[in-house]
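Here the structure comes first, spelled out in structure tokens, and everything after it is commentary.
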Amino acid sequence: MRHKTFFWFILPSLAAMILFIALPLVSVVVQSLHIEHEQVIVTTENCGPFGCTEESSVDTEATAQLRAEQPLGRFAGLSTYFDRGHLATAEVAEAWRTQDSFGGFLSELYNLPFYKALAFTLTYTFLVTPLVIVLGLLIALGVNRLKPVLKGPTIFVSLLPMIITPLIGSLILFWMIDAQGVIGKTLQWLFDDPELSLKASPTLTWITLMIYGVWSSAPFAFVVFYAGLQTVNTDSLEAAMIDGATRWQQIRYVVIPHLMPLVVFISLIQLMDNFRVFEPIVGFSAQANATSLSYIIFADMRSDITRFNSAAATSVLTVIGVAILLAPVLLRTWRDFKGKAA
Amino acid sequence: MSSPANRSSRSVVLISSAFVLVWVVIASFPFIWTLWGSFKVQADFFSKADWRYALWGTRTLIETGGTFTGAGYEGAWIQEEFWRAAINTMIVVFFTVVISLTLGTLGGYALARSGHKYAFWLLMIALIFRAMPHITLVSGYLLPFFEWNLWGHLPTSIIVLVAINQPFTLWMLHSFFLNIPKDLDESAKVDGCTQFQAFRHVIIPVMWPGVITTGLFSFLLAYNDFAVTSMLLSEENRTMVPAIAGFLGSTLEEGNVMFAVAAVVSATAPLFVLVMFFQRQIVSGLTAGAVKG
């Protein structure tokens, strides 16, 4: 295909991506370097019988006008990145100096909003992803041995948790785990503790959110693995069996190696998707016990006074996180590509 | 099951069947329970006394005189005007899917047919864009959109969703077009067609299965979105998902939870229908990226 033809074919799609994905990233960087204008202070001198006093007051009108004229605010450099709401370098250094144990340091760190969100986001990403892969594989192996008549309906039901709107899916589960909901009641009965509430303790909230994550993403891994199982070479399975391989050995040495490229694919997609975990926290109203990077950006934009610079700084840090997460994959693809070209 | 390698002992069959059964219950029970409960009153849906009230509708019978009630639906659709949100959703989803597919087929076709290096790099960039959390992009839009008075309108959300959708659409259609033999449009070009004419007369007639599958995923993205629509739409232009989130703001009022439950069930119904009719396309679409990528 000629360069010119290629250009005209790709132009609309490329324009959309540049305007609404690349430029917003630039906009986020610019916003994060600015901070809202300070209030305009006017100093007036009041002279009375006992001499003169200087009085300063806020000129609300001028402040409002200045802020309306320059909504971006004034240039602040990297200061937003290092303030208490983000990297909090001063607080971290302070905690490092005052706390004698590493545990104490960590718990101090956890009180800072950015690190709290980062802790949950990373834990969620790196626990949910492997669990999704394992559960998806088990379901795929199970469904694969079902009678053909049952396969269709089983796949239909299995797809539901995945295609459901994330906010709606988490709401449905949230109502069920309520202390008066069906799962909440059952758990109270099982543990014989009428006060048990999954919403009260941070640990239980984290576990709930992760169970939701596995529930909603396992179907994706299942479908991909199931399709992969259809292409397993039966000859090699039979050969393995004739050589005396047990059922487990067949799976371990024939099926799993065959599915390995799919594991890489699912991990890649899941890491990307789990890193932006957001809707479940809204759906489960879990913000008191668990916040994610995406959630704190949302909260900054949703507060009474929109904190553009704070949201933008967190966004930039999140994008850097995504870049670190993707780096191994990109490096590998680049090497493969160079290998192919050479 | 004809191959002897697939034959196995009874206990293995039993364990694996039981496991699948447990999974099916886990996957479907929340939906069945919520659908059933949406026709009850709040005192049954959240039962203080006994969870079985939800099954028999004990309180519903006392409060309304029947074991089923449509009060939640009436409240959501009529009193809270959920129908407005439903119409907005239809508009947003329809235009997002149509525009996404138009841009995506042109771009995906070009990427599949160009052997140049930059096509590979464009796909890589698209992959990086695909990984961007949507809310970080939204925080980039918000201030400029306020300034230029673009905030709050449906077209703004549509074009943003189209853009966010592009990386995925490009990847998927690119892999579908790779499967269409190159000879098809090459021979059309030999016969004197331009590249666009070859696309128009040879490729478009055979591309529909891939386009439909990709369209399903564009539909899901637009329909399920919360980050973009909740931040970029004004109150009267809200789509269903942010509208449901809005119901929760007033959960403390008695009965309002049932509005939200009814709205949730209403918003889930189209998705059920979608899976029922397009199960095969969804499965093939999920695997297309994996098996070929």
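Quick reminder: no glycine exception, Cβ is built from N, Cα and C everywhere.
Nobody curates TrEMBL annotations by hand; they come from automatic prediction.
The transmembrane segment annotation in TrEMBL covers B:12-36 (among others).
According to TrEMBL, the domain 'ABC transmembrane type-1' annotation covers B:86-276.
When Cβ-Cβ distances below 8 Å are used as the criterion, the transmembrane segment (B:90-112) is approached by residues 119, 122-123, 154-155, 157-159, 161-162, 165-166, 169-178, 180, 199, 203, 207, 211, 214-215, 218-219, 221-223, 229, 239 of the same chain, each at least six residues removed from its ends. Taken from TrEMBL, the feature transmembrane segment covers B:90-112 (among others).
Below 8 angstroms of C-beta separation, residues 110-111, 156, 160, 164, 166-168, 170-171, 174, 225, 227-228, 231-232 of the same chain, each at least six residues beyond the ends of the transmembrane segment (B:119-146), sit close to that stretch. Taken from TrEMBL, the feature transmembrane segment covers B:119-146 (among others).
Summarising the annotation, TrEMBL assigns transmembrane segment to B:158-181 (among others).
Per TrEMBL, transmembrane segment is recorded for B:202-223 (among others).
Per TrEMBL, the feature transmembrane segment maps to B:257-278 (among others).
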**OP:** Could you check if the transmembrane segment (B:12-36) is in contact with the transmembrane segment (B:202-223), meaning 3+ Cβ pairs under 8 Å among residue pairs at least 6 apart in sequence?
**Re:** no
